[in-house]
Amino acid sequence: MVNEMNGGKRFVEVDALRGIAVIMMVAYHALFDLDFFSVTEIDMSSPPLWLAGRLTAFLFIFIAGLSLSLSHSRRILEEDASFSAYLNRGLRIFGYGLIITLATWIYPGDGVILFGVLHFIGAGIILSYPFMGKPWLALMAASLSIAAGMILSGFRADYPWLLWAGLRPHSFYSLDYFPLFPWLGVMLTGMSAGDVLYRGYRRRFDLDTGALPLSKPALLGRNSLKIYFIHQPVIIMIILVLNSFR
């Protein structure tokens, strides 16, 4: 959900990949809502749906990291790669996450989102800055992050203060939960890939974008944050309307 820039040249394949992730997200959440509102019974914990949800999250966060790399490369060319730009952007997206926290605290209440994907991406943007432009260092940090996440997943705490890191309380339940460990590792892996594949803000591989149907998913990808905010209310409204006729 992090676009590589605010203007200028874009890489359509990156937008298109993000757009595919948007389609996957909307489809997954539509199934979740159908089950949550008892329209139909769907086992969201079944292996295929669990895998689909994880794959969607992985793709979003990987592309967020790749987009950070593109943003940093562009800013270096413009001689404006200061930390403050990423601090401000990270805090803004984290603030959007707090809006989601408030909304889910009001409704449905149970499963309130305390550290969801927007909280994570906001924090990840800030924490990733020291690794920008350093692909091998980023990969090393990614490995440590993923390892830390695997270790922490086996522990539980009596307090919620380390939720952000991946240490969950007993009986913890949230509609959306993306702790820094291991997900920061996915973001750093995407950033490292961007540093290699788009070094110097140039595509370092051959791709005939004109031969691929990229325009429609790319349009979705360029508007991923807006879609993220509106898609759940729209899905829920449709379900409530349909339920009123049952």
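Numbers run from 1 along the shown chain.
Glycine too: its Cβ is placed from the backbone N, Cα and C atoms.
For 10-233, the entry in TrEMBL reads domain 'Heparan-alpha-glucosaminide N-acetyltransferase catalytic'. For the domain 'Heparan-alpha-glucosaminide N-acetyltransferase catalytic' (10-233), the model gives a mean pLDDT of 95.
The feature transmembrane segment is assigned by TrEMBL to 12-31 (among others).
As annotated by TrEMBL, transmembrane segment applies to 51-70 (among others).
Per TrEMBL, the feature transmembrane segment maps to 90-107 (among others). Using a Cβ-Cβ cut-off under 8 Å and counting only residues 6 or more beyond its ends in the same chain, the transmembrane segment (90-107) has close neighbours at 1-2, 113-126, 175-176, 225, 229.
Outside the transmembrane segment (113-129), and at least 6 residues removed from its termini, the chain residues within Cβ reach (under 8 Å) are 1-2, 57, 60-61, 64-65, 68, 83, 86-87, 89-98, 100-101, 104, 138, 160, 163-164, 174-180, 183-184, 187-188, 191, 228. Taken from TrEMBL, the feature transmembrane segment covers 113-129 (among others).
Here TrEMBL flags 136-157 (among others) as transmembrane segment.
TrEMBL lists 177-198 (among others) with the feature transmembrane segment.
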